[in-house]
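In what follows, a structure is listed as structure tokens, so that the remarks can point back to it.
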């Protein structure tokens, strides 16, 4: 049934009991009411062998990324991250020095984004490493941006470029295979520093949330791109009860993403649509805000929202229209 | 270095940056400021093979307990739990029906304690089951009770009785060994329903927090007993910079705890001091409140706080005094 199906199955009967719970399961983060302020709450699990491979992921980068993926969800609510808890299950193969390295990355991320580490739990694991992070953010009441607010004719925007994290992963996997065959061979990473960084050290786009505020633009809906553009577009369309039309040629791809995709004979668009882990923001804005955002080099308009029932459509470079599939990065899928 | 040593090593350099972070690492929960209200935040990881054995722990009970251990931390802050997030890493051996059973227990706990499930993350695991729960609670500003407030001459109190959960675990382990040798043998649980329930279905003591409010008693310090009485007493004494004197003969033990300890030729006091998982509350109250609490059948006065430097002392039944050791239940210890 896949991850999304399972979550729906497990949570669709929830009825919220507390007046302080404004929004529960179903967005990038839950929203809690604290009077003059609101809080957003989000949590993510990273599991060795599923989400990361310690053969080539440095522990410091892993610690950094484990915080970042959670901050990305906080920003996707239009909120400001303030605190995180970090829990670890660690197998006996880890030395204190290794755990220190992991925490260096965790603290670096906290430092850079002005976030306090306020708690966690540390236990042993019989097998691999597992990291569970919960992030808490603050927002003014009524200012949270959910997946459900997109309106017909809104412009669809993305920050940065897409597909790079997936291509970085392919590069790391390729070089790891080479290493397994010949451990003396040096990995060939030349010219691919950007896509490696996209995979190993993603940055949550708090700068985009800030830029939109400065531009006087409030997105009508927003989500972070963790599972690939297709999957996130479908979340926004389903929850906003609308359709969308996006243009292949508008989807921002970095030169290295395209070059390495070419090297592997992959269509880089597939990396953008289904690759995941880019941690960019996907959001919609009223068409009236077009002039405010059109000159921001970090924001690309890729399409617009259409009436419900028209589906989530991609206009290809050849002018044909295809229905997008949510083949999002789904760690449960391989096992079912 | 043990769990407590590792946590100290990893967190002792934290300096809190946000004004909303009142208390970070170091108590049962962190405390956040939200103006007219404060929030407490706590998180716990439960790992298969470390914290539970699916040979004899029913999934529904496990779900219930995974929420309960977190609510216990919220109550230990004198707060009211309101929300939880639940993340799961699940190996492919789990059917949807098995996950449903786990969630039945999670929802039962939420229902009983008036808590909303507001989020989580679900992923696959290459090996066993892992459950990460974060609980959020509310409290009026200034009303949180920390580990650090115990004063000389305060009375030391515990709720309920101790050592039962540990003896329940011993019983389950014994019967599991029998089962492994002879799967047709029926487990011998007669007369031990109470200690089994203490292990499999603990209840967080929100009723005690409520009772203290009704009695007009505010504890000066409080902690939940998850790692055994010794360990928790030492946390209170260390953080309050005091010593303590507790009396062996005052420590509340249930009849079944004593009987099964007797059957295994174990001193039941060891189960109470070092067994863990009782999820009772340990707290201190001013001596002036003695009359208010002395008749509550669920509260036992076991000793009093002494000057710093006198240590954490136990007066044995024979009148001798011994220094307590924190041999708390430490899942990291076995591996180091």
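The backbone N, Cα and C atoms fix where each Cβ goes, glycine too.
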Joining A:42, A:73 at the Mg(2+) 4 site recorded in TrEMBL, out of A:27, A:28, is A:28
After the CB under 8 A filter against chain B, the remaining binding-site residues out of A:42, A:103, A:121, A:226 are A:42, A:103, A:121
Rounded Cα distance, in Å, between residue A:224 (Mg(2+) 3 binding site) and residue A:43 (Mg(2+) 1 binding site) is 14
In three-state DSSP terms, residue A:73 (Mg(2+) 3 binding site) is classed as helix
Residues sitting within 8 A of the centre of the A:28, A:73, A:224 CB atoms (Mg(2+) 3 site), not counting those, run A:27, A:29, A:42, A:72, A:74, A:75, A:76, A:77, A:223, A:226
Across every protein chain in view, the count of C-beta atoms other than its own within 10 A of the C-beta of residue A:227 (Mg(2+) 5 binding site) is 24
Other C-beta atoms within 10 angstroms of the C-beta of residue A:51 (substrate binding site) total 22
